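TrEMBL lists 37-59, 79-99, 106-125, 145-162, 195-214, 220-240, 314-336, 356-376, 397-417, 437-459, 480-501, 525-544 with the feature transmembrane segment.
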Amino acid sequence: MSDEEIQLLNPNTSVQDCVDYKDRPSNRFHSGRWRSAFLIIGVEVAERFAFYGITLNLITYLTGPLGQSTATGAASLNVWYGTASLLPLLGAFVSDSYIGRYRTIIIASVLYILGLGLLTLSAVLPSFYSCHTQNAANAKESCSSRLQIIIFYLSLYLVAIAQGGHKPCIQAFGADQFDSRDPEESKAKSSFFNWWYFTIVAINTITISILNYIQDNLGWGLGFGIPCIVMILALIVFLLGTTTYRFSRKGYDNNLSVKIWLAIRKAFRNRSISTSAVSIEEEAQFKFADKTSLSPRSLDKDFRSTNEFEEGKGILRLFPIWATCLVFAIVYAQAFTLFTEQGVTMDRSIGPNFKVPAASLLVFTSLSTVILIPIYDRILVPFARAITRKPSGLTMLQRIGTGLVFSLLSMVVAAVVEMKRLETARKYGLVDMPEAIVPMGIWWLIPQYLLFGIAEVFAYVGLQEFFYDQVPSGLRSTGLALYLSIFGVGSFLSSFLISAIEKVTGGRGKSGWFSDNLNRAHLDYFYWLLAALSMNPNALALRFRVSTATKCKQISQTP
């Protein structure tokens with residue numbers, strides 16, 4: 001049946017709480033749904049291409065052209081990535097509290113283009129810089145490197161700010177194109193997050209591999225310039241789709257910070273009260289948030305209603321899951337840093353004249369994701385649904401917990417492979433030859449990348465859906481920013497661990513776990529440590545899998 005025929009049978013075609021770009025009631029059949037969602041997904045594909053196009057091979061740039069050590073480069077990258085992952089909290093706050101998702105996306109896109117343009121300039125600057133002095137060689141190197149590094153870090157953190165505004169808003173804006181009250185659109189929204197991630201990974205699998213090759217072989221200026229051009233095209237496409245989008249009539253909530261702050265304040269004010277005095281359900285998995293619900297009479301006068309108070313408390317109830325997944329975020333950081341450094345030391349040859357860029361092995365993470373998502377959505381979910389009688393098959397937290405198990409397995413395999421690489425280096429007398437290639441194919445790293453890709457399908461996508469679904473509709477950008485902040489804090493923790501371990505193990509002239517000479521380093525010890533730390537989050541995820549989801553879901557659905 002055509003859309004026109006459906007409209008004749010159902011005269012009520014407007015979407016509740018949604019308007020079009022002219023602030024008119026949004027027509028269900030001429031706005032939103034997959035038409036707008038695919039357009040927004042295309043914009044996100046371009047943004048992820050730009051972001052990962054500079055991120056995945058950045059460790060090579062830091063330890064190569066910029067001359068940083070392995071430990072310093074990994075720490076610098078982790079700090080930057082951590083900052084980039086925490087800034088979505090600021091972007092979501094600005095979006096949900098003041099200017100809305102659509103305007104935030106446009107402003108962030110402009111900042112993205114500016115940052116990528118400056119990054120390109122920093123890469124090509126040494127080629128054009130000239131110092132007119134007597135000692136030309138030394139002066140050129142000194143002047144060029146100082147200016148290059150200043151522009152490089154300025155542009156890199158400008159990209160982080162842009163990503164902070166773009167990332168949480170674009171995904172929430174895409175999910176907003178489906179009406180949860182309509183059965184068909186609700187079903188489509190449940191698949192949206194799977195296909196969102198699938199499309200991004202599928203398209204970028206090939207394009208990022210090509211970009212890594214360009215950066216390694218044709219120059220960093222061109223390798224950074226292409227993402228800049230792609231972001232310009234993405235902004236144009238996003239603006240062209242304006243007439244098809246649905247915009248939330250609820251707009252933005254300038255009381256967001258008040259709600260969360262007062263809920264936290266009340267929790268601390270009541271921290272000394274015994275758990276038995278709290279009149280809630282029997283679960284006490286998050287007593288900090290529960291102590292904010294003692295009695296309607298105890299509500300702070302700054303709250304306009306009990307429901308408004310519950311919204312602030314609902315955000316707090318997400319933090320057990322947030323904290324549970326921090327170790328997964330630490331593991332996640334290694335795929336972009338230490339995994340790549342491992343690959344650089346191994347035999348990457350294909351034929352006599354071609355070497356595989358070490359960062360390109362991330363394509364196997366993408367491949368496992370591309371293959372598994374359709375299997376999960378079309379086979380595993382219906383099978384699990386028949387057993388559990390739940391529409392989603394697995395609950396969101398069960399999905400996240402499964403991903404944590406696979407991330408643990410990824411660390412175990414990475415540790416075993418690194419032990420094999422070190423053994424091979426010793427066998428061929430390469431321990432004190434850091435520039436030599438260890439005669440062990442880079443393909444040994446494929447299993448750890450594949451396992452990591454499976455972990456992403458379950459944990460990464462599960463976290464996206466969980467933090468979108470479990471917050472009130474007006475705070476969706478904030479919910480997605482909270483999930484992104486997991487990886488920001490995880491990157492900072494990874495940087496702290498690497499720095500602390502290197503300081504303890506590498507003092508007094510000893511070769512530490514992260515020695516610049518990886519043949520004397522012990523990345524395997526670090527992988528075993530992360531595998532051990534990963535054991536605890538799995539147990540916590542199972543502990544929280546029922547009650548938290550139910551309680552937060554009820555709050556998110558409160559009108």
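Note that Cβ sites are derived from N, Cα and C of the backbone, with glycine treated the same way.
Counted as Cβ pairs under 8 Å, contacts with the transmembrane segment (106-125) are highest for 145-162 among 37-59, 79-99, 145-162. Counting only same-chain residues 6+ beyond the ends of the transmembrane segment (480-501), those with a CB under 8 A from a CB of the stretch are 71, 74-75, 78-79, 81-89, 91-93, 167-168, 171-172, 315, 318, 322, 325-330, 332-334, 337, 463-464, 466-468, 512-514, 526, 529. Sequence-distant contacts of the transmembrane segment (437-459) (same chain, six or more residues past either end, CB-CB distance under 8 Å): 197, 325, 328, 331-332, 335, 339, 342-343, 345-348, 356, 358, 361-362, 364-369, 372-373, 376, 399-400, 402-407, 409-411, 413-414, 417, 420-421, 424-425, 428, 430, 519. Among the listed stretches 145-162, 195-214, 314-336, 356-376, 397-417, the one sharing the most Cβ pairs under 8 Å with the transmembrane segment (37-59) is 195-214.
Listed as Cβ neighbours of the transmembrane segment (356-376) (distance under 8 Å, sequence separation of 6 or more from its ends, same chain) are residues 56-57, 59-60, 194-195, 197-198, 201-202, 204-206, 208-209, 212-213, 215-216, 335-336, 339-344, 346, 348-350, 442, 445-446, 449-454, 456-457, 461. Long-range contacts of the transmembrane segment (79-99) within the same chain, counting only residues at least 6 positions beyond its ends with a Cβ under 8 Å from a Cβ of the stretch, are 55, 107-108, 156-157, 159-161, 163-169, 252-257, 333, 336, 474-482, 484-492, 494-495.
Away from its own ends, the transmembrane segment (220-240) comes close to residues 39-40, 42-43, 46-47, 49-51, 53-54, 57, 61, 65, 105-106, 109-110, 112-113, 116-117, 119-120, 123-124, 127, 211-212, 214 of its chain (Cβ-Cβ under 8 Å, at least six residues beyond either end). Residues 41, 44-45, 48-49, 52-53, 56-57, 171, 174, 222-223, 226-227, 357, 359-360, 362-363, 366-367, 369-370, 373-374, 377, 456-457, 460-461, 464 of the same chain lie 6 or more positions beyond the ends of the transmembrane segment (195-214) yet place their CB under 8 Å from a CB of it.
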